[in-house]
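*Asks:* Here TrEMBL flags 8-454 as domain 'Major facilitator superfamily (MFS) profile'. Feature annotation from TrEMBL assigns transmembrane segment to 50-69, 78-101, 107-125, 132-151, 163-186, 198-218, 261-282, 294-315, 327-344, 350-369, 390-411, 431-450 (among others).
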């Protein structure tokens, strides 16, 4: 079939993109609701954070089987299944009157997001003309890069009215996406009857779950954290051994023999950790240090999110014209400026300082993140792109959960049981320093990744 841009292609990307956007948006929208929900349900911070951590774990467990699902089922079947999970989860959360019901709703939403996230990128990589892939991947990556930044604004606006509205409004968006997808999603490739390797899936699930549980246990239960770490390492080793001896591994680890792909992946995941880290720290900083309301905190982060949203498709066009090097390095420089700015001002940063610093970070994300993923996928052969997409999406979700866990741990250790303005400012500065070091590692990785890029130079 000839690849060409059609209204149905755009609508199918929009439909799957809206679903993925809603899923990622709620991740950080929930952060600003935690104080309210803790009071309403009489639970502590360690319990309430499972609304996000549990959700991310479900997503990270579902995404690894996306390659199997794509080959075994039609795109429309997967879209309808994801829609059903998501709408059911949103409906439960919209009427939840207990923490248990709210948590169940969030976990069901995680199943929908886990199926939906890879769908959008699979449609782009499989159906879009080669000369448009950079632009469309920029739009696609915009969904997962910008949604975490918009979340605090969205949640902050609605939590002061009624937190149930966070889910009710998205319910209408999901119904619109469902109607759009029903009429636009087309099947290009033939399905193949495959058997799911449940044992491999179990090993992956155990690894992700114990890795996150271990990080969440370090502060108060270091002994338990060590046990979780050992289980995580053993399960990862077990999956690695098994994946090398099965014909169709869930996550094709052989792709990691491709060094340029590895270097692109490293930087991509670091940017995800940085995005999620700042989306977690800054709303807390603005509320606890600057004493702003949750609404004001959300609105202060909105300009940065909007700038990043505008830059993502534009940088995709630059990729199509100039190659990956220039837009990626422009983005990384902007991101560095923002992080260093916030690090230096962390102890006394006024709200306007936070706004400017975050704007630079999100501008950098818009320029670089989608292009890094596109360039990384370009290191693979065509028949490997589905596996590559599964790896990107799986590890992106894991990186999101990892970033939240690590940054919250850094904050908690600095606060030392007190959420005073001074302790929160110190914790934020430590978190910014950690994120700066990670960013520098990512910058070095992508520099060498682009130098080794298959058949191209760094400039293009």
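Glycine residues also receive a Cβ, built from the backbone N, Cα and C atoms like all the rest.
Can you walk me through where each of these features ends up in the structure?
*Replies:* Taking Cβ pairs closer than 8 Å, the transmembrane segment (50-69) reaches residues 23, 26-27, 30-31, 34, 37, 78, 102-103, 106-107, 109-111, 113-115, 117-119, 122, 194, 196, 201, 204-205, 208-209, 212, 216, 248, 250-252, 386-387, 389-390, 393-394, 397-398, 400-401, 404-405 in its own chain, all 6 or more past its ends.
Distant neighbours of the transmembrane segment (107-125): 9, 12-13, 16-17, 19-20, 23-24, 26, 54-63, 66, 69-70, 75, 78-79, 81-90, 92-93, 133, 136-137, 140, 143-144, 185, 377, 385-386, 389-390, 392-393, 397; these residues of the same chain sit at least 6 beyond its ends, with a Cβ under 8 Å from one of its Cβ atoms.
When Cβ-Cβ distances below 8 Å are used as the criterion, the transmembrane segment (163-186) is approached by residues 7-9, 11-12, 14-16, 18-19, 22, 25-26, 29-30, 33, 36-37, 75-76, 79-80, 83, 86-87, 90-91, 93-96, 105, 123, 127, 154-155 of the same chain, each at least six residues removed from its ends.
Sequence-distant neighbours of the transmembrane segment (327-344) (same chain, 6+ residues past either end, Cβ-Cβ under 8 Å): 271, 274, 311, 315, 318-319, 353-354, 356-369, 371-372, 375, 429, 432-433, 435-436, 439-440, 442-443, 446, 450.
Counting residues 6+ beyond its ends, the transmembrane segment (390-411) has Cβ neighbours under 8 Å at 27, 49, 52-53, 56-57, 59-60, 63-64, 66-67, 114, 117-118, 121, 144, 148, 208, 211-212, 215-216, 218-219, 250-252, 255, 265, 268-270, 272-277, 280-281, 284, 373, 376-377, 424, 427-428, 430-431, 434-435 in the same chain.
Packing against the transmembrane segment (431-450) from elsewhere in the chain are residues 259-260, 262-264, 266-267, 270-271, 273-274, 277-278, 281, 324-325, 328, 332, 335-336, 339-340, 342-343, 346, 372, 375-376, 406-407, 410-411, 456, 458: each is 6 or more residues past its ends and has a CB under 8 Å from a CB in it.
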*Asks:* State the non-local partners of the transmembrane segment (350-369) in its own chain: residues 6+ outside its ends, Cβ under 8 Å from one of its Cβ atoms.
*Replies:* 141-142, 145-146, 149, 268, 271-272, 274-275, 278, 282, 285-286, 290, 292, 296, 300-301, 303-305, 307-312, 314-315, 327-328, 330-339, 341-342
